[in-house]
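Student: Pulled these features from TrEMBL for this protein:
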COMPBIAS  22-35  compositional bias 'Pro residues'
DOMAIN    300-536  domain 'Copper amine oxidase catalytic'
ACT_SITE  Asp372  active site, proton acceptor
MOD_RES   Tyr460  2',4',5'-topaquinone
Amino acid sequence: MWLLRLAWALAVLGVTASSSPSPGPGPGPTVPPPDKASIFADLSPAELRAVRTFLMSRPELGLSPSRGGPLAKNTLFMVELLPPKKQLALRYLDQGGPRPRRQARAVVFFGGQAEPNITEFAVGPLPRPSSYRPLRFKGGRTVPFTARPMTQLEYELLHRTLAEAMEPLYRLLRDSTGFWYHNCSRRCLTFSDIAPRGLAPGERRSWLVLQRFVEGFFLHPVGLEVLVDHRDPDPRRWAVQRLWYNGQYFSSPQELAESYERGTLAVARLAEPPYRQLFSSYEPRGSFATGTPTEVHGAKVCEPQGRRYRLRGNRLEYGGWSLAFRLRSSAGLQLFDLRFNGERLAYEVSVQEAIAFYGGHTPAAMQTKYMDAGWGMGSVTYELARGIDCPEAATYLDAHHLYDADGPVRFSRAICVFELPTGVPLRRHFDSNFQGGFHFYAGLEGQALVLRTTSTVYNYDYIWDFLLYPNGVMEAKVHATGFIHATFYTPQGRRYGSRVHSHVLGNLHTHLVHYKVDLDIAGTGNSFETMDVRFENISNPWSPGAR
């Protein structure tokens with residue numbers, strides 16, 4: 001989508017979860033058995049490397065490094081934990097059964113063969129993998145190669161294609177924006193791509209929105225959108241199919257350039273962006289009318305007598321709560337084996353998908369329907385800032401992702417855990433005597449434990465929270481921040497959004513966030529249903545004639 005770390009203890013846990021210690025020459029200290037929650041722990045860097053090394057060594061797969069080279073090759077795109085099947089996990093957790101074998105889920109792009117496709121594999125056993133098998137979708141079908149997520153390599157090739165295509169538009173872009181695309185140094189244009197990439201299965205055509213490359217470039221469209229067909233594995237066959245400029249469509253860059261040279265083009269001339277105080281900057285500026293102090297610290301979270309929660313690897317405990325968690329590269333936070341006072345309430349609660357549907361007048365805006373798991377929503381978990389993203393007193397954990405890379409990449413402070421005063425009593429009662437006094441007052445301070453991560457999917461920053469309350473309530477929450485997905489303002493665009501700056505339209509859109517909730521209330525044989533309330537008109541039994 002828009003240019004869309006568990007702690008060292010977790011990394012160690014990922015290894016010990018699947019390997020037993022080697023006996024030393026002497027009796028030595030007794031090594032405690034791994035925590036049962038570790039069957040759900042993310043893969044450690046060593047495990048990620050072991051999976052990659054094993055698959056790269058298989059001659060029948062013919063894998064090449066991800067970075068560099070052509071698109072028409074076989075590459076390992078992503079590796080993450082393949083959680084054990086629920087039946088096997090419960091047998092181990094509840095009945096003393098054998099520990100499930102630890103496996104990885106590997107996604108391979110087969111682009112260098114007669115029928116390119118995307119195939120997922122189960123690889124194991126870890127930590128020393130020796131076999132793999134395909135994970136088949138319903139009906140045995142594979143995912144078409146044209147439906148693959150974008151990679152850094154494809155973006156680089158797309159940039160080269162666009163730079164070449166924009167050469168005829170140098171004068172138009174320079175004169176109207178003060179920036180250009182090819183052979184630029186400081187005054188460069190960039191682009192953001194949208195999805196879906198086409199109107200029918202098998203297509204791979206992307207609308208690219210050109211923007212000034214300044215801070216907050218998402219809010220600096222220049223009025224030009226370009227449709228590039230990049231379906232062919234050979235980028236030399238990629239081509240610009242259409243262009244949209246300031247409300248008009250053109251079939252080629254040359255046609256648009258000629259219209260400008262003839263003086264028949266409605267040119268959108270943009271003001272020079274200021275060197276400082278750029279409206280899209282995150283630099284704090286301005287003042288409040290009340291004059292209340294803003295240069296001093298606001299309220300802070302503190303732990304006056306220490307932490308009231310416990311982290312043991314990927315097991316989190318707080319009051320009556322106990323759960324296992326992981327941060328999967330594909331979709332984000334995933335909780336397992338949620339218990340309250342020892343009783344399991346849910347086997348799994350996890351983020352699955354975030355979708356955004358847009359409307360607009362420009363072709364990119366009207367085409368935009370983002371499904372963020374396809375943009376690596378769980379792998380863009382960048383470092384959390386102390387005191388801003390999470391309190392200073394929070395516990396911070398690292399994560400490791402192998403996503404569009406030739407090895408595991410460490411993301412520092414990707415997760416934080418902290419206890420938060422809710423500001424509202426958990427419960428309270430003032431027992432009045434109705435004579436100006438009271439019999440008693442009772443109340444409990446409101447607190448919750450927060451497990452948090454973020455996903456920066458190009459312009460959007462999602463803040464993902466799971467909150468645990470001491471009364472047995474769990475809450476899932478998501479906050480959307482970052483920059484809006486904006487397009488170039490035209491009068492016709494007012495039907496589909498709000499004008500938020502001189503040449504910027506904030507497009508109307510809606511967000512859908514999907515969670516998986518596998519409740520296990522009083523066992524696995526429970527069911528879920530919804531009930532409607534309906535008005536019932538009956539005779540009043542203590543007042544005849546009344547209804």
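First residue shown is number 1, and so on along the chain.
Just so you know, glycine gets a Cβ as well, placed from its N, Cα and C.
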Student: Including all protein chains shown, what's the count of other C-beta atoms within 10 A of the C-beta of Tyr460 (2',4',5'-topaquinone)?
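Tutor: So the Cβ neighbour count for Tyr460 (2',4',5'-topaquinone) comes to 25.
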Student: If you count Cβ atoms within 10 Å of the Cβ of Asp372 (active site, proton acceptor), leaving out that atom itself, what do you get?
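Tutor: By my count, 26.
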Student: For Asp372 (active site, proton acceptor) and Tyr460 (2',4',5'-topaquinone), determine the Cα separation and express it in whole Å.
Tutor: 10
Student: I'm checking region-level scores; what's the whole-number mean pLDDT for the domain 'Copper amine oxidase catalytic' (300-536)?
Tutor: 96
